[in-house]
Amino acid sequence: MSDVAHEGISGGPPEAEDISWRKRYWKKNLRLMITLLAIWFTVSFGFGILLIEPLNNIVILGFPLGLWFAQQGSIYVFVILILVYALWMDRIDDEFGVAERNEEGGYK
Amino acid sequence: MTETQFWTFFFIILTFGIYIIIAWRSRVKETKEFYVASQGVPTLANGAAVAADWMSAASFIGMAGLIAFLGSDGSVYLMGWTGGYVLLALLLAPYLRKWGKFTVPEFVGDRYSESVRIVAAIAAIVVSFTYVVGQMAGGGIVFSRFLNLSVEWGVVLVAVVIFVYAVLGGMKGITYTQVAQYTVLIIAYLIPAFAVAYQTTGIPVPQISYGQILTELDSLSVEFGLNEFTEAFSGRAGGQIDVFLVTLSLMLGTAGLPHVIIRFYTTKTVRGARYSAFWALFFISLLYLTAPAVGAFTKLNLLQGVQGQGPDSLPDWINTWGATGLVTVNEDAESIQTVSNLATSGADLIVNNDILVLASPEIGGLPAPIVGLMAAGGMAAAMSTAAGLLLVISSAASHDLYFRVFKKNGASEKEQMMVGRIAMGVAILFAIWAGINPPAFVAQVVAFAFGLAAASFFPILILGIFWKKANGPGATAGMLTGLAFTGTYMIYTLEVFGTSANEHILNVSPEGIGAVGAAVNFVVTIVVSKLTAPPSAAVQEMVEDIRYPQTRKAAVRS
């Protein structure tokens, strides 16, 4: 962990290595975020609003599929998206040595 | 005293007692405890507190009824009020927690400038206050129906209980009370829903079984002159564009509402903020996934109950709820041929949206204890949100305005706590007064609070985190134009402050204008920031710093 010693010290150019972990961390975070937001948009605005009418021609258990996405499906997906984000960020945190797991008091 | 009243008293006294005891046990002495519960709230508890904070009288009492009559288009509330949490969890909560102080205006002030802080503090007070009045009025309705108490005394009673636990316990007391309130409200919501689902379809899982009744509900609705439940874009005049914009506005507003955001400041770590967001939406989804089923079942039971009935053989609940003026039967009608939720429609039976949930046990013929439990749940929803909002008002007034603007030289811990508590006391007195004499705009509270939050807070928070070059002049200009644009359109299209309601422009309803206002705010902030000097190196470093959960060395910078 020697590469972190100069972290956050202002004045003078930060060390090249220091900057590089931050950039990689942030890039991974952004990529995950954008992927999850694309799914978020597709199930809610895509299936639940823009494509609701064609999807309603498919009926499952009495639910027209578009209506199901608008009233149920999108919410299930939202919950899963946030869980995936939290779990995935844990992995990224571990990879970069910034995990906070211990501070939560024996979680996991 | 009727059996229903007995059970209502029983559950209300029991739950109010629990709230007060919890508050007494978690009473606070320090400002850090008062505003952010010492940042020591466990993830799961914080999730439940966010859920209770979030689910107001509107979610509990109003939403299923709205969905019953809007049908498919009721999804604007379902997707809008839950989808915002995805934005909150991914784009805001972890970063604001990392930065980690007491209030939203404080972040804005540190990130941009003092003038933006003042605009943000005022916006937070206005948005929260409009919202709190609705909660007070909602609590009053519950009391007047179930306890035969006047609405005025109902509001005062609610306020006194909130005062005790909010002023005493601050954020800490509110948090643990909200965990209890979540438990009460979700039990009260789910039990009748499962019972009605089982009674109607034989399957006690309403989320799955309401599909079975949709065909029947569609044909019955048409028979009574209502729109089909399953037909898209039949419930809102603006059609697809409007449904899109309203959903987006509610999502952006959800992510920008100060009383929700500050709850993520209370966790121990950044990681805790991420998991809190998950638990929050998980707990919220239990109610939101059930609401469309409650709406569908109650509407079906309602329509079946009055089908072919003359004025003398109507179900009992029509008489009991008729006393509140929220259900009216046209006296000239020989039998019920048409049903509506609009008072001006001239239908044979007019049912206010807001009673469907509270009346669902009676409409479905369930026993009195369940009706009483429902009342306690409605009160829990109204009170938990009101308490969270009052805390935002108090912290914005004392912490962000009084101490930053009038007492710059600093104040002792004791003095800060005192001012925080006095601000909360004053806010509660105002809330009582406004709850008893609701101003005309309370009916549009949803449109206002969410649209204004979407158009003011969301863009400057997002840019503040993701764009280092966003600066003070940009944020001030963006926020003011976003607010002015959205507010003007709302006043133009709604009947508020004595204005007349004008036609909607391009099918955009006042509920949906917040999304456009947010876009205006984004554009103005970016353009003005580009034209003026970038923020200082220290501020840019702060933006950089909040992107990482903790520094990799042991020492903590402050």
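Including glycine, each Cβ sits where the backbone N, Cα and C put it.
Features of the protein shown, as given by TrEMBL:
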TRANSMEM  B:44-70  transmembrane segment
TRANSMEM  B:76-96  transmembrane segment
TRANSMEM  B:116-134  transmembrane segment
TRANSMEM  B:146-167  transmembrane segment
TRANSMEM  B:179-198  transmembrane segment
TRANSMEM  B:243-265  transmembrane segment
TRANSMEM  B:277-297  transmembrane segment
TRANSMEM  B:370-397  transmembrane segment
TRANSMEM  B:418-436  transmembrane segment
TRANSMEM  B:442-467  transmembrane segment
TRANSMEM  B:474-492  transmembrane segment
TRANSMEM  B:512-533  transmembrane segment
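Below 8 angstroms of C-beta separation, residues 31, 34-35, 129, 132-133, 135-137, 139-140, 151-152, 155-156, 158-159, 162-163, 166-167, 170, 386, 390-391, 393-395, 397-399, 402-403, 411 of the same chain, each at least six residues beyond the ends of the transmembrane segment (B:418-436), sit close to that stretch. Here the transmembrane segment (B:277-297) lies next to the transmembrane segment (B:179-198) in space: the count of CB pairs under 8 Å, restricted to residues six or more apart, reaches at least 3. For the transmembrane segment (B:76-96), the neighbouring stretch richest in Cβ pairs under 8 Å, chosen from B:44-70, B:116-134, B:146-167, is B:44-70. When each of B:116-134, B:179-198, B:370-397 is scored by its Cβ pairs under 8 Å to the transmembrane segment (B:474-492), the top-ranked stretch turns out to be B:116-134.
Contact counts against the transmembrane segment (B:179-198), taken as Cβ pairs under 8 Å, peak for B:44-70 among the stretches B:44-70, B:146-167, B:243-265, B:512-533. In this chain, the transmembrane segment (B:243-265) touches the transmembrane segment (B:512-533); three or more CB pairs sit within less than 8 A of each other, excluding pairs fewer than 6 residues apart.
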